[in-house]
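Noted in TrEMBL for the protein shown:
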- 51-516: domain 'Major facilitator superfamily (MFS) profile' (DOMAIN)
- 45-64: transmembrane segment (TRANSMEM)
- 106-125: transmembrane segment (TRANSMEM)
- 132-157: transmembrane segment (TRANSMEM)
- 192-210: transmembrane segment (TRANSMEM)
- 222-241: transmembrane segment (TRANSMEM)
- 324-345: transmembrane segment (TRANSMEM)
- 361-381: transmembrane segment (TRANSMEM)
- 393-411: transmembrane segment (TRANSMEM)
- 417-437: transmembrane segment (TRANSMEM)
- 487-504: transmembrane segment (TRANSMEM)
Amino acid sequence: MVTKEEDCLPPVTETTSRCYSTSSSTPLAELETVRSLEIVESSSSLSPVWLLVIFCIINLLNYMDRGAIASNGVNGSTRSCNDKGKCTLATGIQGHFNLSNFEDGVLSSSFMVGLLIASPIFASLAKSFNPFRLIGVGLTVWTIAVLGCGSSFAFWFIVLCRMFVGVGEASFISLAAPFIDDNAPQEQKAAWLGLFYMCIPSGVALGYVYGGYVGKHFSWRYAFWGEAVLMAPFAVLGFLMKPLQLKGFPSSDSIKTVRSIEVMSPSVGSETLKNNNRLQVDNEIEHDQFEVSIETSKSSYANAVFKSFTGFAKDMKVLYKEKVFVVNVLGYVSYNFVIGAYSYWGPKAGYNIYKMKNADMIFGAVTIICGIVGTLSGGFILDRVTATIPNAFKLLSGATFLGAVFCFTAFTLKSLYGFIALFALGELLVFATQAPVNYVCLHCVKPSLRPLSMAISTVAIHIFGDVPSSPLVGIVQDHINSWRKTTLILTSILFLAAAIWFIGKINLNSFYSNDESFLVQIKLFVANLCFCKGYS
């Protein structure tokens with residue numbers, strides 16, 4: 001199984017005391033300055049509850065943006081006229097830039113391009129740079145890009161800005177969940193993840209309302225500018241407060257401090273011996289030291305980035321060999337294939353099958369309520385039965401199977417009210433998988449691979465899940481020409497997701513059978529180490 005890599009890392013406080021002991025050659029003034037800075041930083045750290053609250057708000061804003069750009073108030077429509085000559089005015093982004101439906105769809109695709117490319121990049125950089133600071137960088141990119149969306153003067157410019165919105169969101173998606181997992185109480189880890197992922201459906205719903213209101217009463221541009229104003233304080237907070245550290249990652253800030261002192265201390269020490277006075281240093285020498293430290297800093301950053309990208313292939317190989325991760329993501333892809341198609345085709349299918357007059361409102365209300373309640377319930381139930389990978393697989397397979405039964409049966413009914421009741425129960429169960437599936441992603445790998453695990457999971461469920469599902473379902477409908485049959489075929493894929501997660505549960509022990517020789521070697525090493533210490 002996965003070892004606790006953080007146990008092998010020296011505590012930060014111990015490292016600090018060794019590096020800045022009184023026996024070192026570091027000048028006393030620098031020593032006191034470093035210590036005072038550490039005291040100031042430690043006082044500005046967040047409590048775990050406040051960290052969860054802030055991350056939930058950020059996640060809410062991220063998905064509010066996704067909902068807002070899809071709303072009628074922001075997305076809008078082009079000018080159109082009916083047979084009687086009555087015309088509707090152009091509104092929103094589509095009307096302002098006179099976009100075709102294909103061009104309008106490119107806005108969503110450009111966002112996904114930025115998100116999917118940047119997610120593994122930020123996950124790899126987290127090994128060389130402080131992950132909390134990387135979130136600050138991502139939120140800054142997000143804020144500037146959203147401001148650019150509101151200030152767009154051409155179609156190509158807003159497409160570029162939407163791509164960078166995806167880049168900014170990528171850092172948060174990859175790194176936020178590991179922070180929550182580290183800071184959550186042991187008995188509430190899944191519940192905290194449930195609270196975090198509950199912000200997805202509620203954020204999209206809030207975006208629909210926000211975008212519709214602002215776009216209708218003001219302008220689609222103000223919707224983007226308002227989002228940027230709301231996100232800006234959190235982007236600033238990512239740089240001002242003490243950087244939190246993920247388990248399994250060395251403290252990058254302490255490494256940078258040590259390197260700086262190592263470069264400066266020999267020259268400062270020799271100057272002290274010559275002059276016997278630390279306060280009298282020539283300006284030329286200070287200038288040379290400053291240039292050396294800048295060059296060293298540039299070199300260290302370049303080396304860090306290079307190591308991050310060279311280590312990416314090695315980490316991907318390790319991740320690919322982690323069978324629990326692979327099975328979990330395969331089930332997640334199948335699940336997201338159905339959910340993505342539901343969100344796109346659901347209202348149209350409901351209107352054609354049951355002649356719903358308010359299909360958008362009915363499907364929207366069912367999805368929002370079931371999404372919030374189901375996501376929260378999944379996390380609390382997993383904690384209740386003790387959050388472990390086997391229990392997570394039990395909940396994933398069981399909830400998905402029952403949800404598939406209810407949803408499949410719902411589409412066979414002729415009664416509208418019977419359909420709504422069963423479909424709501426089905427979605428409630430299906431959404432209960434959000435906390436367990438992400439819990440497995442976080443805990444089936446060693447701590448240093450958690451950001452990459454979350455990033456690759458995000459990339460996979462979009463590339464192979466919701467992105468191709470909508471057009472593929474459209475092709476099936478074109479051939480069958482029956483929305484009832486099409487939705488039944490689509491819903492049956494949920495049974496596949498349940499089966500994959502069930503396989504993960506029953507084969508969990510065999511997944512680690514290849515690691516027995518490795519575990520035996522570890523035990524022998526520890527035994528020999530203890531034996532040697534007994535004779536030392």
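Backbone N, Cα and C define each Cβ position, glycine as well.
Nobody curates TrEMBL annotations by hand; they come from automatic prediction.
For the transmembrane segment (192-210), the neighbouring stretch richest in Cβ pairs under 8 Å, chosen from 222-241, 324-345, 361-381, is 361-381. Among 222-241, 324-345, 417-437, 487-504, 417-437 has the largest number of CB pairs under 8 A with the transmembrane segment (361-381). Counting C-beta pairs under 8 angstroms (sequence separation of 6 or more), the transmembrane segment (393-411) fails to reach the transmembrane segment (132-157), with fewer than 3 such pairs.
Proximity of distant same-chain residues to the transmembrane segment (222-241), defined by a Cβ-Cβ separation under 8 Å and at least 6 residues beyond the stretch ends, is recorded for 44-46, 54, 57-58, 61, 64-65, 68, 73-74, 132-133, 135-137, 139-140, 142-144, 146-147, 149-150, 210-211, 214-215. When pLDDT values are averaged over the domain 'Major facilitator superfamily (MFS) profile' (51-516), the model yields 81.
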